[in-house]
Amino acid sequence: MAAASSVLRCCLLVAALMTLSAMGAEAITRQYLFDVQTTSVTRLCSTKSIVTVNGQYPGPTLFAREGDHVEVTVVNHSPYNMSIHWHGIRQLLSGWADGPSYITQCPIQPGGSYVYRFTITGQRGTLWWHAHISWLRATVHGPMVILPPAGVGYPFPAPHEEVPIMFGEWWNNDTEAVISQALQTGGGPNISDAYTLNGLPGPLYNCSAQDTFKLKVKPGKTYMLRLINAALNDELFFSIANHTLTVVDVDALYVKPFTVDTLIIAPGQTSNVLLTAKPTYPGASYYMLARPYTTTQGTFDNTTVAGVLEYDDPCPTTAAGKIVPIFSPTLPQINDTNAVSNFTAKLRSLASAGYPAAVPQQVDHRFFFTVGLGTHPCAVNGTCQGPNGSRFAASINNVSFVLPATALLQSHFAGKSKGVYASNFPYYPLNPFNYTGTPPNNTNVMNGTKVLVLPYGANVELVMQDTSILGAESHPLHLHGFNFFVVGQGFGNFDPINDPAKFNLYDPVERNTVGVPAGGWVAIRFHADNPGVWFMHCHLEVHMSWGLKMAWLVLDGSRPDQKLPPPPLDLPKC
């Protein structure tokens, strides 16, 4: 059943791509209906009710071309508040459609609906959509395939076939109950029971062999795998036995191609990779494996998800009943930070005439953010399960973000920020310390709903520094509303005197989600040309739940095409 469903998905993808190819060069409006509903799903011999879109897990793939206008009507038939984020879509002048609850919109209440309207401007590649409230994105997510305009090819040889590969994370228990319990006790949440590949855990888990994704390939053909990490809390190593992968795109942005045996992909990130099948039938199958990368000192899901790469047999009748061998790749160690660093160092923008790297050469505003864990004190006479009887927290510049009761963007647009948010997010740590050395004795963080205000058109440089508080850890930071250039990164404390001289301002990789290295720092630059309120947060869901998030408020520009339009009439109310 599961193998058949994987074949059906590939057929649907091919059919959709053929339909898009047959359409003219002019941009069109593409309309989708998302029915958010509860669905019974069985994995690991355990059946539970999950929230899905259109009864599918993972959800449906959205197809569009660069320049198209997209309208997605979301009808909420689930018992939970809901909102959908179109991860990586720039949302130029359409911030009302970005999706994070209480940032750009109030959530869609049960029984309600909302139409997300946006235009895909200057983007092509693999992105994805997901719920952006609580932990509902565990099952409410799906791919977005954005093709170049009709008649425009890829800057690499066209593949024989394109296949979305979506990594996820599965709990036998209700994920809303998992995070609710963690927030009540102040401790860490229960870890997941499995990872998934296109919704299937694969044969390495008990009672799961029937739920295995299988990719059928023809000898000598090249396939483009559209990789998406939709896992909640884990970065993943990925490899296919006895095959190499050529990376051609990350976060829907072309890169200079390079070939690897293993890649790293963090939650929120996407990557297009080319897989060239062996020239002749090998008489074997090959595992596609993914397992976590982590430097955390706490518990985590140390399991491996497997799919199977199978070759079409040119002589299936003579091979009937014959069991072919299956090979497994060797993945890096769980905590192999060097493997991660070596991979990320290879990423460079294509920086060609057709796809230039518009790196801001001059900077108007510089910021320095610490990102990491911390604590809140336990309530008087309370019992908490965090470090030393405290409650786990997380922060940026020691501010643990608290979601407001109404949406920031609505409050800003109406000029009613009082009592909703403050515009004094710190530009740098108020109490500097040796960030990657011995942590301070006081690990408490402050709560706040603070934004950082930017003038329209500002060129921004931001250095994000990991801290050793409660252990050095990699943090995948996602910025809504913008792509950014990763101009530098390193280990230890950022050196503001010497490190900027090493920045790559020629062809740095451009992304929307970047890993702040464990025990290190990363520097990014972006051009603030999109008015609105834009969320920035760790894409490890547990860290975001603990407060590792903030918001940028980009003011309107002077021209009409630099001003955020009024909200749509059907925007949900709190």
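Positions of Cβ are set from backbone N, Cα and C atoms, glycine also.
Quantities reported herein were computed from a predicted structural model and do not represent experimental measurements.
The feature Cu cation 1 binding site is assigned by Swiss-Prot to HIS85, HIS478. Classification of HIS85 (Cu cation 1 binding site) by DSSP places it within a strand. Sequence-distant neighbours of HIS85 (Cu cation 1 binding site) (same chain, 6+ apart, CB under 8 A from its CB) are ASP98, GLY99, PRO100, TRP129, HIS130, ALA131, HIS132, HIS480.
Marked as Cu cation 2 binding site by Swiss-Prot on the basis of similarity to another entry: HIS87, HIS130, HIS539. Within its own chain, HIS87 (Cu cation 2 binding site) has LEU127, TRP128, TRP129, HIS130, MET144, GLY268, HIS478, ASN512 as residues 6 or more apart in sequence whose C-beta sits under 8 angstroms from its own.
According to Swiss-Prot, the Cu cation 3 binding site annotation covers HIS132, HIS480, HIS537, on the basis of similarity to another entry. In the three-state DSSP scheme, HIS537 (Cu cation 3 binding site) falls into the strand class.
Sequence-distant neighbours of HIS475 (Cu cation 4 binding site) (same chain, 6+ residues apart, CB-CB distance under 8 A): VAL371, GLY372, MET464, ASP466, GLY515, VAL516, CYS538, LEU540, HIS543, LEU548. According to DSSP, HIS475 (Cu cation 4 binding site) is assigned to a strand segment. What Swiss-Prot records for HIS475, CYS538, HIS543 is Cu cation 4 binding site, and it gives similarity to another entry as the kind of evidence.
According to Swiss-Prot, the domain 'Plastocyanin-like 1' annotation covers 35-151. Note on the domain 'Plastocyanin-like 1' (35-151): its mean pLDDT in the predicted model is 98.
Here Swiss-Prot flags 161-314 as domain 'Plastocyanin-like 2'.
Marked as domain 'Plastocyanin-like 3' by Swiss-Prot: 424-558.
Sequence annotations record features per position, and here Swiss-Prot assigns N-linked glycosylation site to ASN81 (among others). In sequence order, SER101, PRO107, ILE108, GLN109, PRO110, ILE133 constitute the residues six or more apart from ASN81 (N-linked glycosylation site) in its chain with CB-CB distances below 8 Å.
Summarising the annotation, Swiss-Prot assigns N-linked glycosylation site to ASN173 (among others). In sequence order, LYS48, ASN190 are the residues of the chain that are 6 or more apart from ASN173 (N-linked glycosylation site) and have a CB within less than 8 Å of its CB.
The secondary structure of ASN190 (N-linked glycosylation site), as reduced to three states from DSSP, is coil rather than helix or strand. Marked as N-linked glycosylation site by Swiss-Prot on the basis of sequence analysis: ASN190 (among others).
When secondary structure is read from DSSP and collapsed to three states, ASN206 (N-linked glycosylation site) falls in the coil class. Residues or ranges marked as N-linked glycosylation site by Swiss-Prot on the basis of sequence analysis: ASN206 (among others).
For the recorded site, ASN242 (N-linked glycosylation site), the DSSP three-state label reads coil. Long-range C-beta contacts of ASN242 (N-linked glycosylation site), restricted to its own chain and to partners at least six residues apart, with a cutoff below 8 Å, comprise TYR286, PHE327, PRO329. If you look up Swiss-Prot, you'll see ASN242 (among others) marked as N-linked glycosylation site.
Under the heading N-linked glycosylation site, Swiss-Prot lists ASN302 (among others). Cβ neighbours within 10 Å of ASN302 (N-linked glycosylation site), excluding its own Cβ and spanning all shown chains: 11. Secondary structure at ASN302 (N-linked glycosylation site), taken from DSSP and collapsed to helix, strand or coil, is coil.
Taken from Swiss-Prot, the feature N-linked glycosylation site covers ASN342 (among others), and the record attributes it to sequence analysis. The Cβ neighbour count for ASN342 (N-linked glycosylation site), using a 10 Å radius and every protein chain shown, is 14.
ASN388 (N-linked glycosylation site) falls within a helix when secondary structure is assigned with DSSP. Look at Swiss-Prot and you will find ASN388 (among others) tagged as N-linked glycosylation site, backed by sequence analysis.
Non-local contacts of ASN398 (N-linked glycosylation site) by the CB criterion (under 8 A, 6+ apart in sequence, same chain) comprise THR370, GLY374, PRO426, PRO429, LEU430, ASN431, VAL445, MET446. Per Swiss-Prot, the feature N-linked glycosylation site maps to ASN398 (among others).
Cα distances from ASN302 (N-linked glycosylation site) to the glycosylation sites ASN206, ASN388, ASN441, ASN447 are smallest for ASN206. The most densely surrounded of the binding-site residues HIS130, HIS537, HIS543, judged by C-beta neighbours within 10 angstroms, is HIS537. Put plainly, the glycosylation sites ASN206, ASN388, ASN441, ASN447 were compared by Cβ crowding within 10 Å, and the winner is ASN447. Distance noted between the C-alpha atoms of ASN441 (N-linked glycosylation site) and ASN434 (N-linked glycosylation site) is 12 Å.
According to DSSP, the secondary structure content of the domain 'Plastocyanin-like 1' (35-151) in residues is 6 helix, 59 strand, 52 coil.
The Cβ of ASN434 (N-linked glycosylation site) lies under 8 Å from the Cβ of ASN493, each of these being in the same chain and 6 or more residues away along the sequence.
Sequence-distant contacts of HIS539 (Cu cation 2 binding site), defined by Cβ-Cβ distance under 8 angstroms and a gap of at least six in the same chain, are ALA266, PRO267, GLY268, PRO476, LEU477, HIS478, THR513. In the three-state DSSP scheme, ASN434 (N-linked glycosylation site) is classed as coil.
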